[in-house]
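Enquirer: Below you will find the structure I want to go over with you.
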Amino acid sequence: MALSRGAVLFFKLLACLLCLFDLSHGKKQFTLKNLPPLRKASSYPTGCRATYDYIVIGGGTAGCPLAATLSLKYKVLLLERGGSPYGNRNVSYMENFHIGLMNMAPDSPAQAFISTDGVINARARVLGGGTCINAGFYSRASSSFIQEVGWDEDLVNKSFPWVEEKIVQWPKIAPWQAALRDGLLQAGVAPFNGYTYDHVSGTKVGGTIFDETGYRHTAADLLAAGDPNNLRVLLHASVHRIVFDSRQGHLKPRAIGVQFTDENGRHHHAFLNNNKDSEIIVSAGAIGTPQLLLLSGIGPKNHLKSHNIPVVLHNKYVGKGMADNPMNSIFIPTRSPPRQSLIETVGITEEGVFIEASSGFGQSSESVHCHHGIMSAESRAQKIGQLSTIPPKQRTLEAAQKYAQNKLNLPKEVFHGGFILEKIDGPLSTGHLVLTDTDVQNNPAVTFNYFSHPQDLNRCVYGIKTIERILKTNRFSELSADGTGFSMERVLNMSVQANVNLIPKHTNDTESLEQFCKDTVITIWHYHGGCHVGKVVDQHYRVLGVSGLRVVDGSIFSRSPGTNPQATVMMMGRYMGVKILRERLGRAAGV
């Protein structure tokens, strides 16, 4: 007997709901044994006729959970310009954290760059993205951030645990982190909120992607939650441009494929299938995504023409609104060298300032001795401060590397101590990104305009004063060499050298906290922007003015989420994957 139209619609709806239930809960147990094969890009056959429902550009913090989720129902090609994190001890173990940041080889997991402001920075170049080279701290965005960006709170509250149950741990708090916890509370950064992923004012211990052995779990692990039969991962696949169909008769250009090179420099093409719902999704990060859009012909037309790039779509906002959360750190000499720790404790102030800490040295046989392990700036150490006297055109990464070697000859005792870090929420200061050439392997020119907005500078001063209050507490006085406490003037003088950048120093750095903030600003790699909602992408992160193209990464943010963004960016990958599948499955079911 034939089914009525209503009955057919009912069964379509039921099938759709069952699919959505499966997406939310999953059936298989999570294990890394389910990772898809990780193949080099050169394995991709020349003239390959395979087509895909989704091509994800960038296997990073957002790209991995996104590709895994989409593969549960559709064919996905994930293209990552870097290599595998597995088997690389510099990526996998906390004790070697700093080595990956110092490595300036062409295929290293971190690609160094220097902003036009003179701040040394890095971008990930490895499967797993920034989760492979960061300090591992895991803390969710605030509820106000979730509301501001317009996300479905119910789906957000399902997507965060999806990440956490797979790769996040509670830390066994290190002594330096416990000291910061106590110092924050004694300095009035209260209440103590215990161990929590949530963004709440006061002092807390957050999660970590390092397990109890110091082994790092990254966004690459999340690929094991996908369907390996639907998910193809290519490593060392550098996408040079997105291919568009701009034939007459189309209302707007449509993204249909990508051109990429493999590790040998050979060119390949990959294409979407003919389904109108198929998409290319760019998840190349806040530097890589606007850079790729520009190289593909989407951006300010005069800038594109200056590089002889055919204009697909004029959009003056691509690369605009770049921001990086400025950070300044205070070096605290101690009676005895503290054990290595990365960020575990954070103070979240009502004024929009976050206080964190790091300490110690890596000690494995692979470790660079006499090397502090929290940021590239510290990694390049005291003597590199002389770079600020070098003329701007000579301030190259090679010069930075040369000066970095000087630190390795310094006695280890010089660096006995730890760092307390202050960084500001937001920020309100913004800059821009432009191409320097048409080689996707090279860094674009990025300007962040640190502290150009007075409110950012005021908050930095508040952060330094908060650290001063912490140093005056009983908890920190007992850590000093004589047990009587620390002179703020002394630690500021030491910190001028420890905060390494290529910005000229002033004689009044320790007399004016405003000048100290400006002269010693460094990064903690929380840069974002370049593809803002309403200017480059719509509310669903589809690129305006073209079809078949979407952006899912930190380039869409106007401010960085939470104290540390990796939790929210991984969640966003899962969230958008489920959201895209729900919408597509709903359309397929006619609902």
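The count begins at 1 with the first shown residue.
Glycine too: its Cβ is placed from the backbone N, Cα and C atoms.
Heads up, here are the entries from TrEMBL:
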type	residues	note
SIGNAL	1-26	signal peptide
BINDING	Glu80, Arg81, Val126, Val239, Trp525, His526, Gly554, Pro565, Gln566	FAD binding site
DOMAIN	124-147	domain 'Glucose-methanol-choline oxidoreductase N-terminal'
DOMAIN	285-299	domain 'Glucose-methanol-choline oxidoreductase N-terminal'
DISULFID	Cys460-Cys517	disulfide bond
Enquirer: Rounded to an integer, what is the Cα-Cα distance in Å between Cys460 (disulfide bond) and Gly554 (FAD binding site)?
Expert: 23
Enquirer: Between Glu80 (FAD binding site) and Cys517 (disulfide bond), find the distance joining the two CA atoms and give it rounded to the nearest Å.
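Expert: Approximately 36 Å lies between the Cα of Glu80 (FAD binding site) and that of Cys517 (disulfide bond).
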Enquirer: Rounded to the nearest angstrom, how far is the Cα of Cys517 (disulfide bond) from the Cα of Gly554 (FAD binding site)?
Expert: 25
Enquirer: With a 10 Å radius around each C-beta, find which of these recorded positions (Val126, Cys460, Cys517) has the fewest other C-beta atoms nearby.
Expert: Cys517
Enquirer: DSSP on the domain 'Glucose-methanol-choline oxidoreductase N-terminal' (285-299): how many residues come out helix, how many strand, how many coil?
Expert: 11 helix, 2 strand, 2 coil
Enquirer: Round to a whole number and give the Cα-to-Cα distance in Å for the pair Gln566 (FAD binding site) and Cys517 (disulfide bond).
Expert: 25
Enquirer: How big is the gap, in Å, between the Cα of Cys517 (disulfide bond) and that of Trp525 (FAD binding site), rounded to a whole number?
Expert: 17
Enquirer: Let me know the largest Cα to Cα distance in Å among the FAD-binding residues Glu80, Arg81, Val126, Val239, Trp525, His526, Gly554, Pro565, Gln566, as an integer.
Expert: 25
